[in-house]
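Taking it in order: structure first as structure tokens, then the write-up.
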């Protein structure tokens with residue numbers, strides 16, 4: 001059995017706990033910071049696919065694969081010019097570890113015989129804010145995600161090949177130049193043909209006869225005026 005002194009101490013502590021739990025003071029901030037919109041350079045792009053994976057790059061100097069980051073890798077299609085790029089950011093820090101455009105000539109190869117990993121080479125990767133030629137490898141959590149990535153990557157290449165302004169303009173210019181060349185070859189400018197002396201004499205006599213007719217007409221007009 002507790003003594004009266006212990007009971008009073010217990011009641012005081014309980015009352016203090018209830019007051020502290022109910023008391024919620026509010027203090028206005030000394031400095032107010034406005035909300036700032038940070039652009040991601042993805043505002044004009046639509047997401048084709050986003051899959052969580054782990055990315056590697058091949059170090060040419062050390063001759064080994066080095067991990068570049070873990071996060072969500074995405075295929076982003078530009079809504080205006082139909083270009084597609086690969087973008088991947090690291091977890092937590094959101095630092096870019098892959099950023100390059102897709103071209104029709106990129107080959108997606110199975111990496112080390114695994115059904116969950118691929119590798120490919122890119123001519124210009126801008127992950128480090130500088131243009132670098134890289135060989136990248138990616139590993140997914142399961143074969144289903146790996147197959148989805150391969151399928152979407154092939155679809156993105158077809159979009160770039162058939163709808164991207166850069167490639168369609170090149171094809172149009174090539175077609176136009178070939179059409180112009182075919183026209184030039186099929187309908188060449190008329191060249192000088194072999195002419196016989198009779199043809200030349202006939203041409204000269206025709207010109208002379210025309211001149212004589214004109215002179216006769218002028219004489220008739222002048223004679224009419226004098227009468």
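Easy rule for this one: first residue shown is 1, then count along the chain.
Keep in mind that glycine also has a Cβ here, set from the backbone N, Cα and C atoms.
Unlike curated records, TrEMBL annotations are generated automatically.
Keep in mind it's a predicted model, so treat the numbers as computed, not measured.
Among the residue ranges 140-174, 175-209, the one that TrEMBL annotates as region 'Disordered' is 175-209.
Secondary structure of the domain 'RanBD1' (26-162) per DSSP (helix as H, G, I; strand as E, B; remaining residues coil): 20 helix, 63 strand, 54 coil.
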